[in-house]
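Colleague: Can you keep this structure in mind? I'll have questions shortly.
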Amino acid sequence: TILGETHEEEDEILPRKDYESLDYDRCINDPYLEVLEGMDNKKAQRYEAVKWVLVFAIGVCTGLVGLFVDFFVRLFTQLKFRLVQSSVEECSEKGCLALSLLELLGFNMTFVFLASLLVLIQPVAAGSGIPEIKCYLNGVKVPGVVRLRTVVCKAMGVLFSVAGGLFVGKEGPMIHSGAVVGAGLPQFQSISLRKIQFNFPYFRSDRDKRDFVSAGAAAGVAAAFGAPIGGTLFSLEEGSSFWNQGLTWKVLFCSMAATFTLNFFRSGIQFGSWGSFQLPGLLNFGEFKCSESDKKCHLWTAVDLGFFILMGIVGGLLGATFNCLNKRLARYRMRNVHPKPKLVRVLESLLVSLTTTVVVFVASMVLGECRQMSSSSQSGNDTLSLQDMSEDINSSIKTFFCPNETYNDMATLFFNPQESAILQLFHQDGTFSPVTLSLFFLLYFLLSCWTYGISVPSGLFVPSLLCGAAFGRLVANLLKSYIGLDHIYSGTFALIGAAAFLGGVVRMTISLTVILIESTNEITYGLPIMITLMVAKWTGDFFNKGIYDIHVNLRGVPLLEWETEVEMDKLRASDIMEPNLTYVYPHTRIQSLVSILRTTVHHAFPVVTENRGNEREFMKGNQLISNNIKFKKSSILTRAGEQRKRSQSMKSYPSSELRNMCDEHIATEEPPEKEDLLQQMLERRYTPYPNLYPDQSPSEEWTMEERFRPLTFHGLILRSQLVTLLDRGVCYSESQSSASQPRLSHAEMSEDYPRYPDIHDLDLTLLNPRMIVDVTPYMNPSPFTVSPNTHVSQVFNLFRTMGLRHLPVVNAVGEIVGIITRHNLTHEFLQARLRQHYQTI
């Protein structure tokens, strides 16, 4: 069936990227503790006050971005429709409608071409941006998703996409724009604009940045729909895995700032009444109320709930169909469009624009019916004009080829901005033909499904609302005409239809319910909207996932769900961990660090000491006396032996400028009194750890003892920290104490955030490769750890709730036996390990 997904399709390998994870856990090392020691209550209060100021600034800037998009969309759209409509009126008498079509094509294809060019500049600006922001808030670093260039291309691109007549909305990209503002504003610097650089060494961590992105995304929802509470719940429901009360309050404040900033300027610009606050969001649903002359009319009754549930089921089926078709289109694009030259993407966007424009024009001129304007519609229009703030609601009613006192119902829906069409379906008391509504829904459904995913900035909220509103209005017409339910309010059914279809597509529940309630300003709609969305979600989930989750999965992003399946508790941490570790010692030579960093792609390394000869003493006591981090001078012998082994792997790396140094070090003879001890260390029966040599693979003949050497775990050191230490020359010579090593402050360690230099780009010629780096002051000595016997559900909850990036697996005696990352907790990986578990049994 069309809703079904075959197993082969699910396992199909598509072009994917290797995504990194964000690290929400604090690294409580010595530089961070020095900052805490200098932090008193007054400084902490000032620090918190700066956060509130930045949150307010994020909300204001997000509102201004929304104002910019709305102003120019309205300007270009009114200009386009005014010129084309006057041309249609002239050509309807002269028989030159083809010229009117060419005018409309010229406007639309020019705008869409500009939008596609902006996406070529920054590819991540394509689409709505909600899947990318959802991934970021879930803890995945999507390249370029929160850059200044992205928000510029996104805001201007969606402006041209909407003005170009594509079936897209500007509300989804507003969420992405708000998130970018939240990520960039607190940094006080820009990679795109090098001159924007301020000495503000605060909030330079994934933890702080992710909190500000949460606030910015919520502000984008609030600005789009005038729904600050819905924006806060959206950021909580759709993205963030870690949440606290203080963050909730800041996010709500940011959403309020965005809503009232946009409301203030829009009301002042359109009405000239500054401070009136009459337009809370970019999309307003208007006021729902029955006509005063109709005493039997009610917005909804208890009997209507049965129809709402049925509409929710149908909305879930329609949403699942939409998602299945769009998934197939996305697969086709990833295989056949994206690998080709970028010009092919522009041509696809122009093809969609051409088809959409021709369909809209022909349907408006040919397929519409002339409907009588009722007297009640005029009063409804007066109410609507106050809400939409247009010059006159009658300007959105099209009378193409219709006599006086009638209007063309198809042209009224197609030949208008999408927001005006939604308001017509919600509030226009004049009837729409069931045939017109059916054709409109079918054409809009197919074209919006085809459009979502092309290389232009595009939102999905408004097209889904418009499709659903047409479906709901069709249901109301059928109930009135064939069942005789004259008391029902058509606007309510249009709203419920919009909620049902949107819920079936995006599968949001809590936040979408509040967004729709806030947009309607009618709290009595809370129960029917909530029931409809729940039913639509349950129905759609029976067939496939929401549209945003589908696109996330197609890109191979390791997104973590809210919880694991029950059967996953048959697995333990030892079943899913990565046992082949690449580690560093507390005191490691520079050439060893360079070898590790250049021959691996890991982003964190366990800091360990070996406990071979001291295993018995280790098992006797509870203290790590024999493996203390505070090395004595004799421990250099261990480092020297390990250095000799790793220098062999250095020789195989062609781009290393330390190769000669390695050869020189190998040729150097150790002091006679130490030679015997070193020889014993090198000839131990323990085979070097598998990942010690990058060009060596683990052998199946190795015993468990050979595969897993006893390594006492002391902490985690990040790749970015090691690169920073090497870049700044933090090391000491073998003849000196580690106390002589230079110390870096917390500000110096985070100065290059978020783009730390690459190890291959560092100039290390001035560093002596035999120098030693003491990593203990900069490692995280107390990261979250789990036991090998911990159930997967506990591991998953700890990893997701605390926003971790690496989770070491440590046994009862303090030895690290493996490490768990985000990729070890994805649904696909757990399913594969569960199948292996069943096969073993």
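Backbone N, Cα and C atoms are what each Cβ position is placed from, and that goes for glycine too.
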Colleague: If you check TrEMBL, which stretch out of 212-235, 524-547 is marked transmembrane segment?
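Modeller: Among 212-235, 524-547, the range TrEMBL annotates as transmembrane segment is 212-235.
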Colleague: Sort out for me which stretch, of 109-130, 212-235, 299-323, 343-367, 491-517, has the most Cβ pairs below 8 angstroms to the transmembrane segment (435-454).
Modeller: 343-367
Colleague: Compute the average pLDDT of the predicted model within the domain 'CBS' (779-840).
Modeller: 88
Colleague: Need a quick answer: max count of Cβ pairs under 8 Å to the transmembrane segment (299-323), which of 52-73, 343-367, 491-517 is it?
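Modeller: Between the candidates 52-73, 343-367, 491-517, the best contact partner of the transmembrane segment (299-323) is 491-517.
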Colleague: Can you work out which residues elsewhere in the same chain, 6+ from the ends of the transmembrane segment (109-130), have a Cβ less than 8 Å from its Cβ atoms?
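Modeller: Non-local partners: 76, 142-145, 147, 149-150, 152-154, 156-161, 163-166, 172-173, 175-177, 179, 238, 342, 345-346, 349-350, 352-354, 357, 452-460, 548, 551.
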Colleague: Given a Cβ distance threshold of under 8 angstroms, which distant residues of the chain, six or more beyond its ends, lie next to the transmembrane segment (52-73)?
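Modeller: Apart from its flanks, the transmembrane segment (52-73) reaches 151, 155, 158-159, 162-163, 170, 173-174, 177-178, 181-182, 185-186, 203, 212, 215-216, 219-220, 222-224, 250-251, 253-262, 265-266, 269, 282.
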Colleague: Short question: which residues 6 or more past the ends of the transmembrane segment (212-235) have a Cβ under 8 Å from it?
Modeller: 54-55, 58-59, 62-63, 65-66, 133, 136-137, 146, 170-172, 174-183, 185-186, 203, 247-248, 250-252, 254-259, 261-263, 279-284, 461, 508, 510-512, 514-519
